[in-house]
Amino acid sequence: MIISLTLPATTCTMERSYSTLIRVKTWLRSTMSDDRLSGLCMMSVHRDRINTDKNMFIQNIIEKFGRNPRNSIFVRDYLRYLTQGEGHGKFNTLTKLASADLVTNFSHWFIIPSVIFLLVLGFLDERLIIAKHILGGRPGLPRPFSFLDEPRNKWGIILAFGSATTHIILVTTKAFNAEFPIWAKIFLVYILSLETSLICYPLFACMTSRHTLVGAITGLLYSAGWLAYQIYRLDLSIYCTKILTENSNINLPLERVLILQLPAVIFSTLVLVKFSWKLFKCVRKQRFTRSLSEEARRSICKSCDLQYVKALLIRTVDLNSDVRNASVPKKIYHYLLKPVSGFKFPITMMITTFVSILLVFIITLSLAFIATLFTTNTSTVDHINTAAVAIASILTIISGIRCVYVTLVNYRRDMLRLYRGDRSFIPESLRNMPPQTYVVLGMQFIGFSLIGSCLGSLLAFVVLYIPLYLTLLVLYLVDKLGKLHSLWPQFEWLIFPVSLLIISKVQVVLVNKIFMQNRINAHDAHRPLAINNRVVYDVFAFLMVFINASIGLVQVLKRIFVSVIYGVFLIARMDRSLLLSGYETMDACYTSYIGMILMDVSHNHPVMRVFCRMVHDTMASKTSLHTMVTENPTYARSKGSTHLGRSTTLAKRRWFLVYTLIQNPDIQKYRVKGRSSLAVRPEDVSLSEYHSQSTKNLVSNNLAIRAHCRKCSVPPTFATNLLIGCVLVCCVIWFAGMTVLWNNKGQLFVQLLFQLFSKLLAS
């Protein structure tokens, strides 16, 4: 029910409007229940009257009519809509305001259960270094998860990150929409980010705690509360969106609410299911905790490390036969990923990959719905806008997923090269930095990658959408004027770059036939770099100076255009620097990638881990054998008989010596000379290069990888070149269409564009 109150404009003041609302509210309370008052607010007030005493008016309205949380959010949004205008209210959607108020009122309270659950987990462990004599060394510091070598619960950690992603986006949006000075907003973002990390801390700490029973129970309780909060926020946003759409002329798409908040609900549900499954396994296996020795042994070496080292020591086996006989999904998996035996991506790269793809979808779909808000009264123009949005969204998602995929491929190749001790791909300025710098850069990699995916998707969508929309719009206007056939003469200027390209190719052919000396050997692929007929060469070079200047004009413009477009589509690529050689230190994103891989290889080198595992097992066996000798010599003799003899041990040492000398030829000259004859000759040793054979077909291109087919190969930068070609073709067609429209009906065209953009701005 909507009640309209009309007051005379000459005598209508703020106090009178406010007192009238109070009298109406009192009368309604005496005639109907309080439930009927949930939608009561000031729906129509002259804006000049509001602006006279805006702060007092808004505060009084909120205090009197906004005690219910839903009513409060609705009143605040509509008052802002009244005070700031219709165009502003369109973008300050109710979804953002509702989320901001919810975060302010409810999200902060999650700090209390977060601290309680962290204290519960902390009292189960002891402190190892600091103040061990206080309270028996308790509470300890619960760890969220190991960024370097997390052995368990990888998918649970990834799902928890997915649950927190949307909340972080909403918190950041709330911080920038807050009515504070700019310098205060910056610090507010930092504070809210730390608060979000503290709120999400128990989800990770309970997931990776060695006390599985306590971690599963506390995690189940906390994730249930977090899911309830996410569902309540989603329901409240949907409710407020419907109310505002029904009671005003602001049309807010409901999909906008679902895109931002539905992923958080889905991942929170999956986290709850994960904790439930964790509790079920704990009860079924009757294992409620893991010992410290078990944790230490598992952290020393993993099964994939053993598999990697085993693949190095055995002879190379033919894996193609296994792939041919495999199923179709496995063939696709091997074709796309080309797996290397024993290599697994760490938790850092898994988190970065998953959350980056999630952000690409969220940002792209959000921009698509924002672009669809620009509507006109012309159905054809709206259809053009929809087509441009659809094409730009698809290409943006493909570009974002491709960047993530290529980053994974280059990461694996770089790690395999670092395993072999090859640091040649690292710039000289980044090889000898202080260790603490590498640690800081490694910690920054995940955050930089996520923001790179967000901004990369934003810029890619804008760069694709604007040329597509303008091109389709110009083609529509040209066709409407009946001048579509007049477009072809406008492409005559393309003869200039095409002719220059032909001249460049002709120069290459002439130089090869006339000025280059003959091949030294018949089987050489190319002629030597030596000039023949120098007099003719000097004349030809002089004549081509100014022609090459014309060619340089096109090439320099191409360099500028390609650099800008390539930079837009490759912003999400952290594995390669977008700056020139020598300026890599100014690219913080690339330096964070270098710091991350150096940190990873220094802590997770598989050969080092296997060696530490062997040393640990050897020391443990010797310790147990020494205990047996002192307590039961008879059993010790029988136990010792199973160990290898002296001759077998000597053979193993010689084998290790030969292997070490072959792999490290630089240290052969430092070896103390012993007997001249060796049990194993170096020339008889055949080592496996399995890891390099599996990745030798991956080109070391800075932009992409090369996908091989049976009879042809796709260029390494095919996907990026395709996007750039799309933008270039759109720009050329738009330029030609604009020329045709201006030459035929310039004044009418200007008026038509002015009317069109006026409608877009009004929408």
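Each residue, glycine too, has its Cβ placed from N, Cα and C.
Annotations in TrEMBL come from automatic prediction, not curation.
Predicted, not measured: the structure shown is a model, and the values here were computed from it.
Taken from TrEMBL, the feature domain 'HAT C-terminal dimerisation' applies to 4-47.
If you look up TrEMBL, you'll see 106-124 (among others) marked as transmembrane segment.
Long-range Cβ contacts of the transmembrane segment (155-176) within its own chain (Cβ-Cβ under 8 Å, at least 6 residues beyond either end) map to 96, 99-100, 103-104, 107, 145, 185, 188-189, 192-193, 195-196, 199-200, 203-204, 207-208, 226, 230, 260-261, 263-264, 267-268, 270-271, 274, 278, 347, 350-351, 354-355, 358-359, 362. The transmembrane segment feature in TrEMBL is assigned to 155-176 (among others).
Here TrEMBL flags 182-204 (among others) as transmembrane segment.
Counting residues 6+ beyond its ends, the transmembrane segment (211-229) has Cβ neighbours under 8 Å at 106-107, 110, 113-114, 117, 120-121, 124, 163, 202-203, 205, 265, 268-269, 271-272, 275-276, 278-279, 282-283, 287-290 in the same chain. The feature transmembrane segment is assigned by TrEMBL to 211-229 (among others).
Under the heading transmembrane segment, TrEMBL lists 258-277 (among others). Long-range Cβ contacts of the transmembrane segment (258-277) within its own chain (Cβ-Cβ under 8 Å, at least 6 residues beyond either end) map to 95, 99, 155-156, 159-160, 162-163, 165-167, 169-170, 203, 206-207, 216, 219-220, 223-224, 226-227, 230-231, 233-234, 237, 358, 362, 365-366, 369.
Residues of the same chain lying 6 or more positions beyond the ends of the transmembrane segment (347-374) and with a Cβ under 8 Å from any Cβ of it are 90, 145-147, 150, 154, 157-158, 161-162, 165-166, 169, 253, 255-256, 259-260, 263, 385-386, 388-390, 392-393, 396-397, 400-401, 404, 407-408, 411, 445-446, 449-450, 453-454, 457-458, 461-462, 465, 572, 596, 600, 760, 763. Residues or ranges marked as transmembrane segment by TrEMBL: 347-374 (among others).
For the transmembrane segment (386-411), the residues of the chain that approach it from at least six positions outside its boundaries are 336, 345, 349, 353, 356-357, 360-361, 364-365, 367-368, 371-372, 453, 456-457, 460-461, 464-465, 468-469, 472, 569-570, 572-576, 597, 698, 704-705, 719-720, 723, 726, judged by C-beta separation under 8 angstroms. Annotation comment: TrEMBL describes 386-411 (among others) as transmembrane segment.
What TrEMBL records for 445-478 (among others) is transmembrane segment. Within its own chain, the transmembrane segment (445-478) is flanked in space by residues 348, 351-352, 355-357, 359-360, 363-364, 367-368, 371, 380-381, 384-385, 387-389, 391-393, 395-396, 399-400, 403-404, 484, 486-487, 565, 568-574, 588-589, 592-593, 595-596, 723, 726-727, 730-731, 733-734, 737-738, 740-741, 749, 752, 756, which lie at least six positions past its ends and keep a Cβ under 8 Å from the stretch.
Taken from TrEMBL, the feature transmembrane segment applies to 493-515 (among others).
Beyond its flanks by at least six residues, the transmembrane segment (535-554) meets 496-497, 500, 503-504, 507, 510, 514-515 of its own chain at Cβ-Cβ distances under 8 Å. The transmembrane segment annotation in TrEMBL covers 535-554 (among others).
The annotation transmembrane segment is assigned in TrEMBL to 718-742 (among others).
On the 0 to 100 pLDDT scale, the domain 'HAT C-terminal dimerisation' (4-47) averages 51 in the predicted structure.
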